[in-house]
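> Heads up, here are the entries from Swiss-Prot:
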- 16-36: transmembrane segment (TRANSMEM)
- 41-61: transmembrane segment (TRANSMEM)
- 86-105: transmembrane segment (TRANSMEM)
- 109-131: transmembrane segment (TRANSMEM)
- 141-163: region 'Disordered' (REGION)
- 147-163: compositional bias 'Polar residues' (COMPBIAS)
- 236-262: region 'Disordered' (REGION)
- 238-250: compositional bias 'Acidic residues' (COMPBIAS)
Amino acid sequence: MQLQVFWTGLEYTCRLLGITTAAVLIGVGTETFLQGQFKSLAFYLLFTGAAVSICEGAYFVAQLLAICFQCQPGSLADRVREKAHWLGCFQKFLAYLLLSVACFLHPVLVWHVTIPGSMLIITGLAYFLLSKRKKRKAAPEVLASPEQYTDPSSSAVSTTGSGDTEQTYTFHGALKEGPSSLFIHMKSILKGTKKPSALQPPNTLMELSLEPADSLAKKKQVHFEDNLVRIVPSLAEGLDDGDSEPEETTSDTTPIIPPPQAPLFLSSLTATGLF
């Protein structure tokens, strides 16, 4: 609490020093111009006083406008007011130090110019100290309400709650219509990778509980809703015939060793009737 009071007091001190320095610069510049001996220095002092007045006066103008008019949050006027209210303190420190250099070039000839130069240095150092203050932290974001995401390509809808660990995924038409995908799916079914008994009616709901290895992790439930494909028997048989290789058929009654054949000479004699 005491630190906050210190920073607030330092801020108002910097504003007061800035306005006072601008007034001194304009006053000394006007007097130097009226003397007519150092007109270039007089113009420089007047220019420096005007620049400091703009930098410091923007804060007071913003405060006055905030009292007279109510700006909507996020509007252009509100952003301009915030910029004027929190103009860079470190940038002011550098600018005031650079502007004070010319005030010490001829301190013997124009001794009274060292007064606004010293005030510029003091004001710059005060702003440098103010720049070390930490910025106010933004308020914590409010927990977002559950969002819903839709993927048009797969017609999948996912609903995720920020406070709930349950996730639900719904898939409509998970299998794409086409000869390639249908062929691959039916081929896997016919080969036995997916038994017919495991098939369920269309639009059934399967619940799978996923438990991570870490015992401290929360349980998640994933729900899948899938549409099954009905297989036409004729098309399945045609695909099975196209994929299956020709099989060799053997008979159990076929003898393993063929009977011996009669010699060719004896068979010819028998045919002529000699025996």
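Residue positions begin at 1 at the first shown residue.
Any Cβ shown, glycine's included, is placed from N, Cα and C.
In the displayed structure, how are the listed features positioned relative to their neighbours?
Residues of the same chain lying 6 or more positions beyond the ends of the transmembrane segment (16-36) and with a Cβ under 8 Å from any Cβ of it are 42-46, 48-50, 52-53, 55-57, 60, 92, 96, 110, 112-113, 115-116, 119-120, 122-123, 126.
For the transmembrane segment (86-105), same-chain residues at least 6 beyond its ends with a Cβ under 8 Å from one of its own Cβ atoms are 14, 18, 21, 41, 44-45, 48, 51-52, 55, 58-59, 113-114, 116-118, 120-121, 123-125, 127-128, 130-131.
Remote same-chain residues near the transmembrane segment (109-131) are listed as 7, 10-11, 13-14, 17-18, 20-21, 24-25, 28, 31-32, 38, 41, 45, 48-49, 52, 88-90, 92-97, 99-100, 102-103 (criterion: CB distance under 8 Å, separation of at least six residues from the stretch ends).
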